[in-house]
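Q: Here it is, the structure, as structure tokens.
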Amino acid sequence: MTAKKIYIRSFGCQMNEYDSNRIVDLMTGGCGYEKTATPEDADLIVFNTCSIRDKAQQKVYSELGRIRHLKEENPGLRIAVGGCVASQEGRAIIERAPFVDVVFGPQTLHRLPSLLDQCAHCRRSQVDVSFPGIAKFDYLPRPHVDGAAAFVSIMEGCSKFCTYCVVPYTRGQELSRPVSDVIREIKELADQGVCEITLLGQNVNAYRGTLPDGEEIDFAMLLELISALDGIERIRFMTSHPSEFTPRLIDAFRRLPKLVSHVHLPVQSGSNRILELMKRGYTAERFEEIVRGLRQARPGICITSDFIVGFPGETEEDFEQTMEMVERVGFDASFSFVYSPRPGTPAASMKDDTPQSVKLERLQRLQKANDARAAAISEAMVGTRQRVLVTGMSRKGGGMLAARTDNNRVVNFKGNLDLLGRMVEVLVTEVRVHTLAGELAGKPAGA
Ligand code: 5AD
Ligand code: SF4
């Protein structure tokens, strides 16, 4: 019997990317599916949607419109919509697109197989966008590993309720996985040859857990436990929140060499007035104090960030304060977005009289400043030795390998295939358009 085929399309952020991989693992693991890259030959099409910005709902409905004919041609085809748009829209998706079979949320993705069964059994579309805690982790197969790096989700949801953001509504409140589960999963990954892990969570540093002796631990202490595991050589995490960036977490960068010299720390704005309207829970001064602390603890650490421009009521002066902070901090490659009103959030009903053209012009100025700084950081890396994880062959071919630096840059260099999945040292020799070029400077022990 030939396997049924699943086609999955992921919209949006890294959390969604991770969830999509788990959905594929789930369906290919116990449910007999295999992955396909084209919707035309799929038996199951899954859209894993994101609603953080843009006209997400419309985009999903128009994408659904484009695959509708496939269902007409093949009535056996199943179509499922998951993620944050599904969570927000719920049954409305079935009402607008009755050919959709299953609607599931970020917290019910483990129920996809049973929802599909119920749909086949009752011949009716199924909707489950509830928040059953973090039960999904108990049902998902062990994480799928790609090479030497893996993602590990350690907490879900967000309870911060920034006034512009839908996440607390679509993904539910902050919930941490038990420490023992996290450690077991990472040990299993290390046994499979994984040496770099990225700890994921909407607010990863809001992590709270309990040790077997009842002691409560925070994110910094979890990092310490993970750092002690054999085989794990490099630890990343994202996304962290400034208001939970404790002195102990800053100190972790002094004490734990396995932590990469990179932190993604969204600031959103450099104006205290706007930060307060956003309900971010910190001031520009406090943010810069964290950055200073990090740079003391780990000289040369790269800080990347997210910015929102054109928040309701943002004046030229507010924006100038963001630009001044950008100059002072010197962020590495960062993301900036024009504010996008999200239905149901407090900011969506705030007065917003800045013309879109002004917002776009601000966005360009900010991006230009951040890009220039990122380019300067790349230039400054020439002549330095970097510890990198060899992730694969270079796209350019020619026997070149590709590796990733702490601050997420790809370095191409000549080396043997036996270095794949290993940490090595390279000397950076040149900046190319999107990558760096280098030479092998040190092999791992035993290679
Ligand atoms: N409009 C624009 N950007 C947003 N983000 C979150 N919500 C919005 C919104 N309504 C951005 C923030 C966040 C990143 C993941 O997306 O910068 O850090
Ligand atoms: Fe959204 Fe704010 Fe939570 Fe980040 S911290 S997910 S921006 S509500």
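Each Cβ is built from the backbone N, Cα and C atoms, and glycine gets one as well.
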Q: Determine which of C13, C122, C158 appears in TrEMBL for the same [4Fe-4S] cluster 1 site as C50, C84.
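A: Given C50, C84 bind [4Fe-4S] cluster 1 in TrEMBL, the matching entry from C13, C122, C158 is C13.
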Q: Near ligand 2, which of the binding-site residues show up if the criterion is a Cβ under 6 Å from one of its atoms? Options: C13, C50, C84, C162, C165.
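A: Those binding-site residues that pass the cut-off, since their Cβ is under 6 Å from ligand 2, are C162, C165.
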Q: Please go through the binding-site residues C50, C84, C158, C162 one by one and keep those whose C-beta falls under 6 A from any atom of ligand 1; give the result in sequence order.
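A: Going through C50, C84, C158, C162 in sequence order, none turns out to be close to ligand 1.
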Q: Just to verify a number: CA distance, C13 ([4Fe-4S] cluster 1 binding site) to C165 ([4Fe-4S] cluster 2 binding site), in angstrom, no decimals.
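A: Roughly 14 Å, rounded to the nearest whole number.
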Q: Given a 10 Å Cβ-Cβ cut-off, pick out the one of the binding-site residues C50, C84, C158, C162, C165 that has the most other Cβ atoms nearby.
A: C84
Q: Which numbers of helix, strand and coil residues does DSSP report for the domain 'MTTase N-terminal' (4-121)?
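A: Its residues divide into 62 helix, 24 strand, 32 coil.
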